[in-house]
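As written in Swiss-Prot, here are the features:
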TRANSMEM  31-51  transmembrane segment
TRANSMEM  73-93  transmembrane segment
TRANSMEM  98-118  transmembrane segment
TRANSMEM  134-154  transmembrane segment
TRANSMEM  175-195  transmembrane segment
TRANSMEM  213-233  transmembrane segment
TRANSMEM  249-269  transmembrane segment
TRANSMEM  271-291  transmembrane segment
TRANSMEM  296-316  transmembrane segment
TRANSMEM  345-365  transmembrane segment
Amino acid sequence: MFYYLYDLYFNHLDSLRIFSYVTFRALMAGLTSMLVTFWFGHKIIDFLYGLKFRESVRDDGPKSHEIKKGTPTMGGLLIIGSLLISVLLWGNLKNPNVILLSVFSLSFSVLGFADDYMKSVKKIKGGMRARTKFILSILISFIFCILFFYYTGTTGQTGKISFQLTDLFFPFIKGPVIALGIIAIPFSILVIIGSSHAVNLTDGLDGLATGTVLISVMTLGVIAYFSGTPIVANYLNIPYLPGAHEYSVFLSALTGALFGFLWFNAHPAQVFMGDTGSLFLGATLGMIVILLKKEILLLILGAIFVSEALSVILQVGSFKLTGKRIFKMAPLHHHFELGGLKETKIVIRFWIIAVILAIISLSTLKIQ
């Protein structure tokens, strides 16, 4: 809004030119969303508690989780609300992808909310039917992938090499590696849904998903700024994507919202994000890496999410084939819990690993 007003009415005033700078708007977006989260945090928590939107724990889960029963859930409303307010104020609303990204995130948050509502209020065990949730996830992803490819265009530039936006890039390798062509759409849907459900599986300990997603979002914010700045993109020999630096404003707003939410979600958690938060956070990560041409990099940056999802796949597959379990419990963080590690130690160690993965991910921009 501020950028739009400046561009429309005040672009002749040098003193207000700062509102056109991406760096300033990104910093202010992060600060705004964090303050909004702090301000409304307790109010939203009390509101959720009053409506009996409360967490239930799995019957076969760790005994230490019994204390979490009754904690307000659907805290993702606080994250998505703070994010959208901040983007509305500081984002470039003339950039269609900023609008699309916001609506895309909101769509997955609504899907997660419906799932949480069925579990917490309607007391339907397991919430929304898995098939229904899966089909809706595919439908949302398909619609927005088509829209993003339409508004973003089809070609780009990396150094002296031209590329199609349907091409696939690999870390440590210059230029596009695989031309996906028409397969780009189903591949993108796979990335979004995989990321969404992987983050959802990671959300099992106080602050675990919040902190790890936060680190990934901050990293992608840096990459987005570099990708949208031609001098930096050409220097690093990464895909130059016009307008991509505006994603850094969106990601900064999301960073601030996550920092604010972590204040309430850290152990012992006063609120859980629920599927309302985890589904949209994972889906947003997936869409961002698609837009930045960093789909494969997500395997490094989001290795924690990948390992959590993989542990579930291996556990289920092993039990069906052999009748034996590989882990004490899946997802992976529960395996460590039952192994005797305290919840806070697991969370902090996962955060440390996430920081290391972020550093490695950023290093791939130059090491190629």
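Cβ atoms are placed via backbone N, Cα and C, with glycine included.
Outside the transmembrane segment (73-93), and at least 6 residues removed from its termini, the chain residues within Cβ reach (under 8 Å) are 1-4, 25-26, 28-30, 32-34, 36-37, 40-41, 44-45, 48, 53-55, 99, 102, 105-106, 109, 112-113, 116-117, 120, 246, 249-250, 253-254, 256-258, 260-261, 264-265, 271-281. Between the transmembrane segment (271-291) and the stretches 31-51, 98-118, 134-154, the greatest number of Cβ pairs separated by less than 8 Å involves 98-118. Most Cβ pairs under 8 Å to the transmembrane segment (296-316), among the stretches 134-154, 175-195, 249-269, belong to 175-195.
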